[in-house]
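Undergrad: Would you mind keeping the following structure in view while I ask a few things?
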(Lines of atoms letter the chains of each structure in order from A and count residues from 1; the text may use other names and numbers.)
(Lines give C-alpha, C1' and ligand atoms only; values in the text may rest on other atoms or scores of the structure.)
Protein backbone atom coordinates (compact mmCIF):
# COMPACT_ATOMS: atom_id res chain seq x y z
CA UNK A 1 0.00 0.00 0.00
CA UNK A 2 1.11 3.53 -0.84
CA UNK A 3 0.48 5.95 2.02
CA UNK A 4 0.78 9.69 2.52
CA UNK A 5 0.43 10.85 6.12
CA UNK A 6 0.15 14.56 6.90
CA UNK A 7 2.36 15.46 3.95
CA UNK A 8 2.64 19.26 4.00
CA UNK A 9 4.24 21.41 1.32
CA UNK A 10 4.29 25.21 1.15
CA UNK A 11 4.52 27.11 -2.12
CA UNK A 12 4.84 30.78 -1.22
CA UNK A 13 1.80 31.30 1.02
CA UNK A 14 -0.15 28.28 -0.24
CA UNK A 15 -0.30 25.11 1.85
CA UNK A 16 -0.73 21.71 0.24
CA UNK A 17 -1.68 19.02 2.77
CA UNK A 18 -2.18 15.44 1.66
CA UNK A 19 -3.39 12.29 3.42
CA UNK A 20 -4.09 9.29 1.22
CA UNK A 21 -3.97 5.50 1.12
CA UNK A 22 -3.74 3.71 -2.23
CA UNK A 23 -4.24 -0.05 -2.40
CA UNK A 24 -1.80 -2.03 -4.53
CA UNK A 25 -3.13 -2.68 -8.04
CA UNK A 26 -5.71 0.10 -7.98
CA UNK A 27 -6.04 2.81 -10.61
CA UNK A 28 -6.74 6.17 -8.99
CA UNK A 29 -8.00 9.16 -10.97
CA UNK A 30 -6.75 12.42 -9.44
CA UNK A 31 -9.35 15.06 -10.24
CA UNK A 32 -10.18 18.63 -9.30
CA UNK A 33 -9.94 22.25 -10.44
CA UNK A 34 -6.83 23.61 -12.14
CA UNK A 35 -4.22 24.65 -9.59
CA UNK A 36 -5.78 22.55 -6.83
CA UNK A 37 -2.63 20.48 -6.28
CA UNK A 38 -2.91 17.38 -8.46
CA UNK A 39 0.47 17.79 -10.16
CA UNK A 40 2.00 18.92 -6.86
CA UNK A 41 0.96 15.60 -5.32
CA UNK A 42 2.71 13.67 -8.10
CA UNK A 43 5.81 15.87 -7.82
CA UNK A 44 6.02 15.17 -4.09
CA UNK A 45 5.74 11.43 -4.65
CA UNK A 46 8.32 11.49 -7.43
CA UNK A 47 10.78 13.44 -5.28
CA UNK A 48 10.94 16.49 -7.55
CA UNK A 49 9.97 18.63 -4.57
CA UNK A 50 10.31 17.86 -0.85
CA UNK A 51 7.58 18.22 1.78
CA UNK A 52 8.18 20.33 4.87
CA UNK A 53 6.65 17.59 7.02
CA UNK A 54 4.85 14.26 6.84
CA UNK A 55 5.68 10.81 5.58
CA UNK A 56 5.30 8.99 2.26
CA UNK A 57 5.76 5.23 2.30
CA UNK A 58 5.26 2.13 0.18
CA UNK A 59 4.49 -1.04 2.14
CA UNK A 60 6.06 0.56 5.20
CA UNK A 61 9.25 1.68 3.44
CA UNK A 62 9.79 5.42 3.86
CA UNK A 63 10.18 7.26 0.55
CA UNK A 64 11.04 10.76 1.81
CA UNK A 65 14.80 10.17 1.97
CA UNK A 66 15.08 8.45 -1.41
CA UNK A 67 16.25 10.30 -4.52
CA UNK A 68 13.88 10.42 -7.51
CA UNK A 69 15.89 7.66 -9.23
CA UNK A 70 15.55 5.41 -6.18
CA UNK A 71 11.79 5.75 -5.85
CA UNK A 72 9.50 2.99 -7.16
CA UNK A 73 7.73 5.13 -9.74
CA UNK A 74 7.57 5.31 -13.52
CA UNK A 75 6.29 8.61 -14.89
CA UNK A 76 4.43 9.68 -18.00
CA UNK A 77 3.44 13.27 -18.73
CA UNK A 78 1.60 15.19 -21.44
CA UNK A 79 4.94 15.96 -23.07
CA UNK A 80 6.40 12.64 -24.17
CA UNK A 81 9.99 13.77 -23.46
CA UNK A 82 11.58 11.62 -26.15
CA UNK A 83 15.13 12.34 -27.27
CA UNK A 84 14.97 13.47 -30.89
CA UNK A 85 18.40 12.08 -31.81
CA UNK A 86 17.69 8.59 -30.45
CA UNK A 87 15.74 5.84 -32.16
CA UNK A 88 12.54 4.46 -30.71
CA UNK A 89 14.53 1.45 -29.53
CA UNK A 90 17.00 3.60 -27.61
CA UNK A 91 14.32 5.88 -26.18
CA UNK A 92 12.60 2.84 -24.69
CA UNK A 93 15.94 1.39 -23.55
CA UNK A 94 16.59 4.49 -21.43
CA UNK A 95 13.99 3.10 -19.07
CA UNK A 96 16.35 0.22 -18.32
CA UNK A 97 19.79 1.84 -18.46
CA UNK A 98 20.67 5.55 -18.81
CA UNK A 99 23.87 4.62 -20.64
CA UNK A 100 22.03 2.27 -23.04
CA UNK A 101 24.28 -0.63 -22.03
CA UNK A 102 21.72 -3.40 -22.23
CA UNK A 103 22.10 -7.12 -21.80
CA UNK A 104 20.59 -9.43 -24.40
CA UNK A 105 17.71 -10.08 -22.00
CA UNK A 106 17.07 -6.35 -21.59
CA UNK A 107 17.11 -5.92 -25.37
CA UNK A 108 14.37 -8.52 -25.55
CA UNK A 109 12.45 -6.58 -22.89
CA UNK A 110 12.59 -3.46 -25.07
CA UNK A 111 11.27 -5.36 -28.07
CA UNK A 112 8.53 -6.96 -25.98
CA UNK A 113 7.46 -3.59 -24.57
CA UNK A 114 7.34 -2.13 -28.08
CA UNK A 115 5.19 -5.03 -29.23
CA UNK A 116 2.80 -4.64 -26.32
CA UNK A 117 2.10 -1.01 -27.21
CA UNK A 118 1.97 -1.69 -30.96
CA UNK A 119 5.12 0.06 -32.18
CA UNK A 120 7.41 -2.91 -32.87
CA UNK A 121 7.59 -1.91 -36.55
CA UNK A 122 9.07 1.49 -35.67
CA UNK A 123 11.97 0.53 -33.39
CA UNK A 124 14.62 1.94 -35.71
CA UNK A 125 12.82 5.19 -36.51
CA UNK A 126 13.42 8.59 -34.94
CA UNK A 127 10.63 10.36 -33.01
CA UNK A 128 10.19 12.95 -35.77
CA UNK A 129 9.14 10.13 -38.10
CA UNK A 130 6.22 9.18 -35.86
CA UNK A 131 2.75 10.59 -35.29
CA UNK A 132 1.80 12.17 -31.97
CA UNK A 133 0.00 9.03 -30.86
CA UNK A 134 2.94 6.83 -31.82
CA UNK A 135 5.32 9.04 -29.83
CA UNK A 136 3.11 8.69 -26.77
CA UNK A 137 3.18 4.93 -27.25
CA UNK A 138 6.98 5.07 -27.18
CA UNK A 139 6.84 7.04 -23.94
CA UNK A 140 4.37 4.51 -22.51
CA UNK A 141 6.67 1.64 -23.52
CA UNK A 142 9.58 3.34 -21.74
CA UNK A 143 7.37 3.69 -18.68
CA UNK A 144 6.19 0.09 -18.93
CA UNK A 145 9.65 -1.45 -19.39
CA UNK A 146 10.84 -0.12 -16.03
CA UNK A 147 10.45 -2.59 -13.15
CA UNK A 148 8.49 -0.17 -10.97
CA UNK A 149 5.21 -1.09 -9.24
CA UNK A 150 3.59 2.36 -9.53
CA UNK A 151 2.92 4.64 -12.50
CA UNK A 152 2.43 8.39 -12.11
CA UNK A 153 0.54 9.81 -15.10
CA UNK A 154 0.01 13.56 -15.41
CA UNK A 155 -2.55 14.15 -18.17
CA UNK A 156 -0.45 12.11 -20.60
CA UNK A 157 -3.07 11.90 -23.35
CA UNK A 158 -4.94 15.21 -23.03
CA UNK A 159 -3.47 16.59 -26.27
CA UNK A 160 -4.61 13.59 -28.32
CA UNK A 161 -7.89 13.35 -30.21
CA UNK A 162 -10.73 11.53 -28.40
CA UNK A 163 -10.43 8.27 -30.34
CA UNK A 164 -6.68 8.01 -29.83
CA UNK A 165 -7.02 9.06 -26.18
CA UNK A 166 -9.48 6.22 -25.59
CA UNK A 167 -7.07 3.76 -27.22
CA UNK A 168 -4.21 4.87 -25.00
CA UNK A 169 -6.34 4.74 -21.85
CA UNK A 170 -7.44 1.21 -22.69
CA UNK A 171 -3.81 0.27 -23.23
CA UNK A 172 -2.79 1.70 -19.84
CA UNK A 173 -5.58 -0.24 -18.12
CA UNK A 174 -4.66 -3.46 -19.91
CA UNK A 175 -0.93 -3.21 -19.16
CA UNK A 176 -1.51 -2.18 -15.55
CA UNK A 177 -3.84 -5.11 -14.93
CA UNK A 178 -1.48 -7.59 -16.57
CA UNK A 179 1.35 -6.59 -14.24
CA UNK A 180 -0.67 -5.56 -11.16
CA UNK A 181 0.64 -2.01 -11.49
CA UNK A 182 -0.76 0.73 -9.25
CA UNK A 183 -1.64 3.88 -11.22
CA UNK A 184 -2.20 7.48 -10.11
CA UNK A 185 -3.49 9.48 -13.06
CA UNK A 186 -4.25 13.19 -13.20
CA UNK A 187 -7.16 13.90 -15.51
CA UNK A 188 -9.71 16.64 -16.14
CA UNK A 189 -11.94 14.26 -18.09
CA UNK A 190 -14.64 12.47 -16.12
CA UNK A 191 -15.00 10.01 -19.00
CA UNK A 192 -11.32 9.06 -18.68
CA UNK A 193 -11.71 8.40 -14.97
CA UNK A 194 -14.76 6.23 -15.51
CA UNK A 195 -13.09 4.36 -18.35
CA UNK A 196 -10.13 2.98 -16.40
CA UNK A 197 -10.11 4.04 -12.74
CA UNK A 198 -11.11 1.84 -9.82
CA UNK A 199 -10.95 4.79 -7.39
CA UNK A 200 -10.81 8.59 -7.42
CA UNK A 201 -9.32 11.32 -5.27
CA UNK A 202 -10.83 14.80 -5.57
CA UNK A 203 -8.28 17.51 -4.80
CA UNK A 204 -9.49 21.00 -3.93
CA UNK A 205 -7.60 23.94 -2.41
CA UNK A 206 -4.46 21.91 -1.83
CA UNK A 207 -5.99 18.97 -0.02
CA UNK A 208 -7.73 15.69 -0.79
CA UNK A 209 -11.31 16.70 -0.15
CA UNK A 210 -12.91 13.38 -1.10
CA UNK A 211 -11.88 9.94 -2.27
CA UNK A 212 -13.40 6.52 -2.76
CA UNK A 213 -14.50 3.94 -5.35
CA UNK A 214 -15.11 5.39 -8.79
CA UNK A 215 -18.75 4.25 -8.62
CA UNK A 216 -19.35 6.76 -5.82
CA UNK A 217 -18.29 9.66 -8.05
CA UNK A 218 -21.72 11.01 -8.93
CA UNK A 219 -24.16 13.85 -8.29
CA UNK A 220 -25.31 12.23 -5.04
CA UNK A 221 -21.92 12.52 -3.34
CA UNK A 222 -21.92 14.29 0.03
CA UNK A 223 -19.13 16.75 -0.90
CA UNK A 224 -20.77 19.86 -2.48
CA UNK A 225 -17.73 21.03 -4.48
CA UNK A 226 -17.29 17.54 -5.88
CA UNK A 227 -20.94 17.45 -6.94
CA UNK A 228 -20.51 20.82 -8.65
CA UNK A 229 -17.35 19.55 -10.39
CA UNK A 230 -19.18 16.39 -11.46
CA UNK A 231 -22.16 18.29 -12.86
CA UNK A 232 -19.89 20.63 -14.82
CA UNK A 233 -18.01 17.67 -16.29
CA UNK A 234 -21.06 15.70 -17.40
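Keep in mind that glycine also has a Cβ here, set from the backbone N, Cα and C atoms.
Just lifted these from Swiss-Prot, have a look:
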- 32, 33, 34, 35, 36, 37, 38, 39: ATP binding site (BINDING)
- 2-230: domain 'ABC transporter' (DOMAIN)
Undergrad: Based on Cβ atoms within 10 Å, give me the single least packed residue among the binding-site residues 32, 33, 35.
TA: 35
Undergrad: Around the recorded ATP site, report the further residues of that chain (criterion: Cβ within 8 Å of the mean position of the Cβ atoms of 32, 33, 34, 35, 36, 37, 38, 39; site residues excluded), sequence-ordered.
TA: 40, 203, 204
Undergrad: Tell me, roughly as an integer, the mean pLDDT over the domain 'ABC transporter' (2-230).
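TA: Mean model confidence (pLDDT) across the domain 'ABC transporter' (2-230) is 90.
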Undergrad: In DSSP terms, helix, strand or coil for residue 32 (ATP binding site)?
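TA: DSSP assigns residue 32 (ATP binding site) to coil.
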Undergrad: Have a look at the binding-site residues (34, 37, 39) and report the one with the fewest Cβ neighbours inside 10 Å.
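TA: Output over binding-site residues 34, 37, 39: least Cβ neighbours within 10 Å is 34.
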Undergrad: Taking the Cβ of residue 38 (ATP binding site) as centre, how many other Cβ atoms lie within 10 Å?
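TA: Other Cβ atoms found within 10 Å: 24.
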Undergrad: May I ask which residues of the same chain, at least 6 positions away in sequence, place their Cβ under 8 angstroms from the Cβ of residue 36 (ATP binding site)?
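TA: For residue 36 (ATP binding site), the qualifying residues are 203, 204, 205, 206.
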